Amino acid sequence: MADVRKLKNYINGEWVESKADKYEDVINPATGEVLCQVPISTRAELDQAAVIAEQAFEKWSQVAVPRRARVLFSFQQLLIQHKEELARLITLENGKNLSEARGEVQRGIENVEFAAGAPTLMMGDSLASIATDVEAANYRYPVGVVGGIAPFNFPMMVPCWMFPMAIALGNSFILKPSERTPLLMEKLVELFSEAGLPKGVFNVVYGAHDVVNGILENETIKAVSFVGSKPVGEYVYKTGSANLKRVQALTGAKNHTIVLNDADLEDTVTNVISAAFGSAGERCMACAVVTVEEGIADDFLAALRTAAQNVKIGNGLDDGVFLGPVIREENQKRTIAYIEKGVEEGAKLTVDGRETGLSEGYFVGPTILEDVTTDMTIWKDEIFAPVLSVIRVKNLQEAVRVANQSEFANGACIFTNNAKAIRYFREKIDAGMLGVNLGVPAPMAFFPFSGWKSSFYGTLHANGKDSVDFYTHKKVVTARYSLKGYEE
């Protein structure tokens, strides 16, 4: 273990060895190999980064908006050039297959593209005449130092909807990546620096509780963006808000997919397999529950079981692999416990992913549990793994009632060609992101990303116009300019 590389924090444009007395292994979940070690940094290191970020903000916020945008555009170009390298890093430390990793890199690039539009996004409003000789203008200004807390499941896409936009709008940023997937951030830092970002504007501090609490408590940090589990998200929102910070916390999900009798069978099965088992189910937009109308249920489920049993499982770097590992051994054990709990509570296990035949890594195969009811633990909890619950329903109205009982409301999908059914679904379902005849309704960067109920805490969502509002505050100037002396 002596030759394992120890990662460093990135503060004021330099890689700085941590003062941490504890390091955690960063593991390739497909093999169990230790890739490097990440410091569990101290609160003092976070506070040091905050001082640096505040100093950098004073200068960066005064840089002309088009010039800031050019730095973001250069960053975007570098990301494109290094797309394959970035994708391989994601697969190495996260486990998702290379095709999915490439897709994640592309979504990250699109987020940077959106942020590069800062000159337009920063525009305010004005009214030439609100009274005699009086005009008003509304200006946007950056809020200051921003903190970001990112999850392991999208080590590029999620950070890239945080720091590029915040920085393009004139803020400085401190990011705490997941300690499980920190390697990719090293490369992003390198490329952002190469793009011309001044020292101190973007800082990275690895760690756990002390760093999170530092972000939430340090008075220099004015806003916090979080993506992760519901319990941590609640804590982040309550603690950050109590310390008078802006907070957006995107948390758990239990996304429902409704399959109606007129759905295209082959297309629906393909989409559900991808949505339920892609990225090992470790995404907040995964399909966790299918509610299927009785008329199509037998044919749909027979085809779904066959497709699930034919999924290729393995190392995401290998050709043809669809399903990679879950992130850690404890996640694997937790998932198996949920499957067994479902069977214990009366669900029918029709596709069993507990045994994959793979001797190394943390794998769980596609799992389907049928005859699920809303009082079961597997229906209530976010499992965050390739486990799909199935409920048969009589009609669309029942399917919507089932979905709306969940405490989560991130996304929901429907498969049908009935326009009336689609409209009913759109109006009645409780969820922030909806899909029609597609499995993962994750919107593009210029639309807001986030859910309702226990899937989100805050008022301003990630991405879209909401992100511009989140990272800026407004100043309205009302002025009187008498035209006396200029009369014709």
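Yeah, the Cβs are placed from backbone N, Cα and C, and that goes for glycine too.
Positions annotated as active site, nucleophile by Swiss-Prot: CYS284. When Cβ atoms from all protein chains are considered, those within 10 Å of CYS284 (active site, nucleophile) total 28, not counting its own.
What Swiss-Prot records for ALA150, PHE152, LYS176, GLU179, ARG180, SER229, THR251, GLU382 is NAD(+) binding site, and it gives sequence analysis as the kind of evidence. Note: LYS176 (NAD(+) binding site) has non-local neighbours GLY147, GLY148, ILE149, ALA150, VAL204, VAL205, TYR206, GLY207, VAL211, VAL212, ILE215, i.e. same-chain residues 6+ apart with C-beta under 8 A of its own C-beta.
Taking all protein chains in view, 26 other C-beta atoms sit within 10 angstroms of the C-beta of THR251 (NAD(+) binding site).
Using a 10 Å radius centred on the Cβ of PHE152 (NAD(+) binding site) and all shown protein chains, the other Cβ atoms total 21.
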